[in-house]
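Enquirer: Here TrEMBL flags 12-37, 57-88, 100-118, 160-180, 201-218, 224-247, 259-280 as transmembrane segment.
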Amino acid sequence: MDIRNYKDSIRTLAYIILLTAVNYFIPFLSMAVMILWPVPIVYLVQKKESNAVITVIVIAALINGFLFGTVMGLMTVIGFGLVGFVIGNVIKEGLSPLKTLITAVITVIISQALIFYVSSGMLNLNYQTLLQQAVESLSSEFDQQSVEQLVTAQMSLIRMIFPALLAVSATVTGILNYYVSAWYLRRRGLNIELYKAVSSWYFPRWIVSILIVISLLLTSNPIFLNINIFMFFLAFLQGFSVLMYYLSTKGNSFLLKSFLIFLIFIFPPVPIILILLGMLDMWFNFRKQTNQPG
């Protein structure tokens, strides 16, 4: 047996275990790990047959489960393992960059939904128990009845809009998984066609605008409330694209872009401004893109 034939598989396995350890011991880096986790598997898919890749994922799941717990082993299979396997095969099959990106987002949505529901069952999460624990932890400082009403209302809202929250989270993660994976494959010498830059993105104005109006009129319905949240998120993405476009025209300052992205998370008016900017760009085409209706 020539160990060199297994070099890529062993390296992929090592990267997966290392990233899992970082996620486990340094929790504040979890978001970065979620973006990087599928990348080694995406690369391995380009080098090996599917059976070999699945074997590596299963071995990684067993090791992660033994070292970091059952949930982490589960995430290796139906989490980043599934995402990396699908993205890698879609790229390997030569699908268009747009179809690859859409497939990545859909796969992450399915993956995150599976992780949530399966892990909830495995951990026996009871929302009534969580509610009671939250009330008890706060009732010592505030009136118990008021706290219970507040926590109940918040939990009810979160459960109602959970599909939209899942879709938004998975869309962001899927986009980053795709771009980082494609970037890494290009760095490794593979000729991967990349989808257009975020600064050139746009969404269909009629579909988004009509759904926003209809969902605003019917927000009392949970389905339309979730649609409303996701459509505003698409408007936000287009506004963010406009911002990146104008920053790119003024110079490609990484520090400035990083600072503005940081502001989005800590300064609530910024996302609202970007939503408005995105909706206006859908109709007035501020970037004067020839392939964007405006």
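Each position is counted from 1, following the chain as shown.
Just so it is clear, glycine is given a Cβ too, placed from its N, Cα and C backbone atoms.
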Enquirer: Which stretch, 12-37, 160-180, 201-218, 259-280, tops the Cβ pairs under 8 Å count with the transmembrane segment (224-247)?
Expert: 259-280
Enquirer: If we skip the immediate neighbours and take only residues 6+ beyond the ends of the transmembrane segment (12-37), which ones have a Cβ under 8 Å from one of its Cβ atoms?
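Expert: Hits for the transmembrane segment (12-37): 43-44, 56, 59-60, 63-64, 67-68, 72, 76, 79-80, 83-84, 173, 176-177, 180.
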Enquirer: In terms of Cβ proximity under 8 Å, which residues at least six beyond the ends of the transmembrane segment (201-218) contact it?
Expert: 224-225, 227-228, 231-232, 234-235, 237-238, 241, 279, 281-283, 289, 292-294
